[in-house]
Amino acid sequence: MPHGQDLEPPAYASKFAAGMDLRAAVSDSVKLFPGERKLIPTGFAMQMEPGYEAQIRPRSGLALKHGVTVLNAPGTVDADYRGEVGVLLINLGDQPFTIERGDRIAQMVISPMCQARWEIVPTLESSGRGRGGYGHTGVR
Ligand SMILES: O=c1ccn([C@H]2C[C@H](O)[C@@H](COP(=O)(O)OP(=O)(O)OP(=O)(O)O)O2)c(=O)[nH]1
């Protein structure tokens, strides 16, 4: 699917930036009321090599200034997915938030992925941590 003609394709902001900015490909502006969630189209589809995934993450500026974040962060785009990439935004702020066409709404990282092969075993090797978790090493 070609990217919306007036929209730039996802691009790294600089060679040091981890995430590519994703833009809203909405035809009309979209309003997110406090507590509301919506799937926002990005206007593009892609094909990745097997062994990779894309992760969709919030933009910290939107989160800090407006309380708008990616509900399912990190959203997972599978290598075999051929549909339009969507961004599931939620407004956790206390004011309505308006999204215009072309707004940068999230960022995307392409990552190599490890696929596990499960093996059933009678016991697990012992370790320093053992079964301890959820803060068992202290409250601070
Ligand atoms: O933020 C997201 C999350 C998912 N997807 C697309 C790509 C992904 O490959 C597909 C399925 O996503 P996921 O595996 O998270 O969905 P599911 O709820 O497990 O449903 P499914 O049964 O379709 O796998 O939806 C997006 O475009 N954006």
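Numbering starts at 1 and runs along the chain as it is shown here.
Cβ coordinates are placed from backbone N, Cα and C, and glycine is handled just like the others.
The domain 'dUTPase-like' annotation in TrEMBL covers 10-138. For ARG59, SER60, GLY61, ASN72, THR76, VAL77, ASP78, the entry in TrEMBL reads substrate binding site.
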Of ARG59, SER60, VAL77, ASP78, binding-site residues neighbouring ligand 1, Cβ under 6 A:
VAL77, ASP78
Cβ-Cβ neighbours of VAL77 (substrate binding site) (radius 10 Å)
20
Sequence gap of 6 or more, C-beta under 8 Å: which same-chain residues meet both conditions with respect to THR76 (substrate binding site)?
GLU53, ALA54, GLN55, ILE56
Three-class DSSP secondary structure - THR76 (substrate binding site):
strand
Let me know how many other Cβ atoms fall within 10 Å of the Cβ of SER60 (substrate binding site).
10
Within 10 angstroms of the C-beta of ASP78 (substrate binding site), the count of other C-beta atoms across all shown chains comes to 12
